[in-house]
Structure formats: C-alpha cells, structure tokens
Amino acid sequence: MTIAIGQNQERGLFDLVDDWLKRDRFVFVGWSGILLFPTAYLAAGGWFTGTTFVTSWYTHGLASSYLEGCNFLTAAVSTPANSMGHSLLLLWGPEAQGDFTRWCQIGGLWAFIALHGAFGLIGFCLRQFEIARLVGIRPYNAIAFSGPIAVFVSVFLLYPLGQASWFFAPSFGVAAIFRFLLFLQGFHNWTLNPFHMMGVAGILGGALLCAIHGATVENTLFEDGDAANTFRAFTPTQSEETYSMVTANRFWSQIFGVAFSNKRWLHFFMLFVPVAGLWTSSIGIVGLALNLRAYDFVSQELRAAEDPEFETFYTKNILLNEGIRSWMAAQDQPHENFVFPEEVLPRGNAL
C-alpha cells in the first residue's frame, strides 16, 4: 500500500477575499463591486441631497432645490462658480477649508457627483466584464456600455476641461441639461456638427432596429400561448428556437428586397449602430471642448448680409444662435460684466 503525504496549500488573504467577493448571493459583489457600490451610492446620495437642500444662488444666481420651491424637472445640482476654475473642490481643499456649508455653496457637490458618477459607471462596466468571465460568455455587454461611459466622460468632464472652468459643464438636472443643450447650440452650432448627426442617427436608428426586431420576433413565434401574453408558450429548457428566422427573413425580403439571413450579423448590427452613435457624439463633444468649428457656410452668411432678400434656413439658424449667445452670456455670466453693442444683437426677419 502506498501512502501519499502532502501538505494543504495555505490560502492567502487574496484567495479568501476573492472567495468572499465571488460568493453566490442575491446581489453579486465581485472585485468590481468594490469600485461600483461605494461610488454609485455616493453619487446618487449626493444628487438627492443637492436637489433637496442646496441652492445655486452663489454659483449661478438661481434657485435649484426642492427647499427653494423647485420641482423634479427644475431642481438640479449646479456646476461650481466660474472662479473655481478646474479645481477638484475637495471638502478639505483651500476653497472650502473643511466647511461643508461653504463647500455646498461653491459647487463642491457637483464635482463630487461628477467624479464618483464617472467611477461608478466604470465600475458597472467592469462588473459586466467580471460576471461575463465567471458565467463563461463573451463581454459584448461591457463593450456596449462603453458608449454611455464615453458620453458621460466627454460631456461632464472633457468638455468643461477644454473650456475655462467646470462652470461650463451641464448641471445635474432635467431643465439644467436642456439649458446646456441650448448653450451648445448657441455657442457651437452643435446641431450642424456631423458628429451630432451621426449620434442622432445611431440612437434613433438603434431605437428603430429594436422596435423592428421585437415586432418581428413576436410575429414569428413558433407556438403561441392561450394566455393574455405570449410568454406562456416559452420554456427556459426548450431545445428548439423560439421564433422562425427563416420566416422573418422571407417577410423582410418581400418588403425591402434584402434582409438579414444570419442571427449573428443581425444582432451585431443592433449592437453596433447605437454604440457607434454614442461614440461619435462623444468625439464631437471633445471637438467642442477644443472649440473646433464644424460646418460654417460663410458664403451664405456674406450673401445674406449683402442681400436682405436672400435667406436660408442656415442663415436663420445663425441669427438664432446669435440671439442665444447675446442672452445666455450676459445672463449666465454676470461676473464677466458683458456689454453687447447694438450691432451684435439679433437682427433680421429671422427673429
């Protein structure tokens, strides 16, 4: 008889922590959860706190909290004052010096939410990578989620970094985001930017593809149930497919003359279109951060200036942009003491 004598391998601290993090529980934690849960919790908590109690009087001269009479659509956590520049506005930093009230007044909550929100989104993306690896599937969900991360980082961080201060980023609120959109249009003519056009095409195209795909699958289910919905006929363990790709292909071939014949290509296309839209719009925002111009049809502007009877939709929009700038610059940045001479104020029959 042979007796094998061996030592149990000692499990280090890393192995113990790894086992605990990956334990099967109702809400999976994982290594990504160390980044995701604290940052997401703090970002959400900061936003609820700011919209409930914190004023924007000292940064924008506005009321922005429920305490001041705002509602869900008008409440916001506003960006720091322009004088703060690109400071991280740490609570213990030279601006607030540990004073929480002063920190809120100068816009510290916005920097807090923006930075923790960015890390929270990155943590959620890493969570999808981690779970995909543990389950044994490919990480396309995480790759797709890179689109929202790119948009958040470009709009809330990179754009104001290219401008004078965090002041020019969007505030965290519904009406505040709308104001930021008007700002982008007035100061950058954003709607005529080709990267914005590609972004719109990607997002709306993705919504259209989603609707078409869902309707087509519902139309070609192999077996319909006798209940009020179609889920009764589906079982998670069935070996056959739920709907007929062949029938769907024939249907769209008759309508368009061409149709997807391969499920992999079809679903990759549905992944690619909206993600490409998000990424291209993010690239466009980085261009705006650097004050790059897109389409300026100067010849039309010159002709419209010389000929009062010549006007295009482009020249009308340029006049609208001038109006936005003349109002928003003085209204939003009173500390700059902007004074606009009469010749730059909106004019012409477009307004």
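Start at 1 and count along the chain as shown; that gives each residue its number.
Using the three backbone atoms N, Cα and C, a Cβ is placed for every residue, glycine included.
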Fill in: Stated Swiss-Prot location of transmembrane segment, expressed as one of 18-38, 39-59, 249-269
39-59
Worksheet item: Pick from 101-121, 206-226: which range does Swiss-Prot record as transmembrane segment?
Response: 206-226
Worksheet item: Of 175-191, 277-293, which span is tagged transmembrane segment by Swiss-Prot?
Response: 277-293
Worksheet item: Are there residues of the same chain, six or more positions away from Asn141 (pheophytin a binding site), whose CB falls under 8 angstroms from its CB, and which are they?
Response: Gln128, Ala132
Item to complete: With a Cβ cut-off under 8 Å, give me the same-chain residues at least six positions beyond the ends of the transmembrane segment (151-164) that come close to it.
Response: 79, 82, 85-86, 114, 117-118, 121, 170, 278, 281-283, 285-286, 288-291
Worksheet item: Across all chains shown, how many C-beta atoms besides its own are within 10 angstroms of the C-beta of His116 (chlorophyll a ChlzD2 binding site)?
Response: 20
Discussion item. Counting Cβ atoms within 10 Å of each candidate's own Cβ, which of the binding-site residues Gln128, His196 comes out highest?
Written reply: His196
Worksheet, complete the sentence: Whole-number Å distance separating the Cα atoms of His196 (chlorophyll a PD2 binding site) and His116 (chlorophyll a ChlzD2 binding site) is 27
